[in-house]
Amino acid sequence: MNVPFINREIQVQTALKYTSGFQQLSFKHSLQMARSALDEMSATGAFERTASTFRNIISRDPGSRFPAESGRYHLYISYACPWASRCLAYLNIKGLDQAISFTSVKSKWERTKDSDEHMGWVFASSSAEEPGAEPDPLNGAKNIRELYEFASTNYSGKYTVPVLWDKKLKTIVNNESSDIIRMFNSEFNDIAGNAALDLYPPHLQSQINEINEWIYDGINNGVYRCGFAKKQEPYDEAVQKLYETLDKCEMILSKQRYLCGDQVTEADIRLFVTLIRFDEVYAVHFKCNKKLLREFPHLFNYTKDVFQIPGMSSTVNMEHIKKHYYGSHPTINPYGIIPQGPNIDYSSPHDREKFSK
Ligand SMILES: N[C@@H](CCC(=O)N[C@@H](CS)C(=O)NCC(=O)O)C(=O)O
């Protein structure tokens, strides 16, 4: 359901009302809204991710509510977050860096309000505070939560990144990365530096959709289900599924360069963002240590291959990734100690070209 746009007029008026500064919500309301991934737990102790709320679509049609205009949209990300990083990856590899600006928050979650305990993404107070993190250049928000409250007075979900922001209507267009990457792929081609690159070509769409589904379930979300499980059984189930799915990918990639064949597609970018975090974080922090990524020869070389696509490497900020995961989940890592290794060099040579000859 598209809650924020049920009544657009009210929403725009609210946004305008708040332009001079963010209004504090009542204490009671703040408590109701203070949710994070660490609260998404079923009765069985299994992690269950909730759906995104803002699902508006930018269109190449100039008459649409959100037309694909250069300079109009801003992407708020965290370098730590795999979902946000896949949006940044698209922004770069599609050559949209001149058309769409972006800001990364600081790596570690902090308190977002004095009046409740919520921990979430916060902006840097200056560019000097943490390399890669910046203050909010548009709204002067202190944190991502303020952007959600600015865009919707009755929002009751999590304050997640990515957030795709409309500078003109001063609101959130979309906070679901799987939508955002599709828009970046197809809707901005009139202004994209690399319009010819189609990561979701019509002839591969059903194959990509099918692959996305089992990779999301087993790997992208699977590592979180391992890490956030609060009981042995859901953890064991998630680990089993994770490694079955990794084995399946390894088998596919033993025969071809990318998941759909010779051509890099959306399915590869979606898999990559989890693989690049695997040995550095998930193996330790989320207890995904049955086998390391670097013990899967094809998957490991494949990760290097995708990392070396022009525009990809700058989307991987391992400092932010490690600082975030090890530092933001005190129930998993109470002392916030960051393991020193393994510091893998993904720019080193790989063997994947052999499949394209
Ligand atoms: N469905 C969303 C998920 C985004 C998401 O879960 N982001 C995490 C960071 S990796 C987040 O911002 N979490 C904030 C919280 O849990 O409070 C998408 O793919 O865009």
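Using the three backbone atoms N, Cα and C, a Cβ is placed for every residue, glycine included.
Less than 8 angstroms from the CB of C81 (active site, nucleophile) sit V161, P162, H324, each of them six or more residues away in the same chain. Annotation comment: TrEMBL describes C81 as active site, nucleophile.
Taken from TrEMBL, the feature active site, proton donor/acceptor applies to Y224. Long-range Cβ contacts of Y224 (active site, proton donor/acceptor) within its own chain (separation 6+, distance under 8 Å): A37, F47, R49, F286.
Marked as glutathione binding site by TrEMBL: W121, K158, Y159, T160, V161, E176, S177. In this view, W121 (glutathione binding site) is surrounded by 30 other Cβ atoms within 10 Å of its Cβ, with every protein chain counted.
Each residue in the domain 'GST C-terminal' (201-325) gets a DSSP state, and the totals come to 92 helix, 2 strand, 31 coil. Look at TrEMBL and you will find 201-325 tagged as domain 'GST C-terminal'.
Marked as site 'Lowers pKa of active site Cys' by TrEMBL: Y282 (among others). When Cβ atoms from all protein chains are considered, those within 10 Å of Y282 (site 'Lowers pKa of active site Cys') total 25, not counting its own.
Here TrEMBL flags Y325 (among others) as site 'Lowers pKa of active site Cys'. All protein chains included, Y325 (site 'Lowers pKa of active site Cys') registers 24 other Cβ atoms within 10 Å of its own Cβ.
There are 25 other Cβ atoms within 10 Å of the Cβ belonging to S177 (glutathione binding site). Taking the Cα atom of each, E176 (glutathione binding site) and Y282 (site 'Lowers pKa of active site Cys') are about 22 angstrom apart. Y159 (glutathione binding site) sits 22 Å from Y282 (site 'Lowers pKa of active site Cys'), taking the CA atoms of both as reference points. Filtering C81, S177, Y282 by Cβ distance to ligand 1 (under 6 A) retains the following recorded positions: C81, S177.
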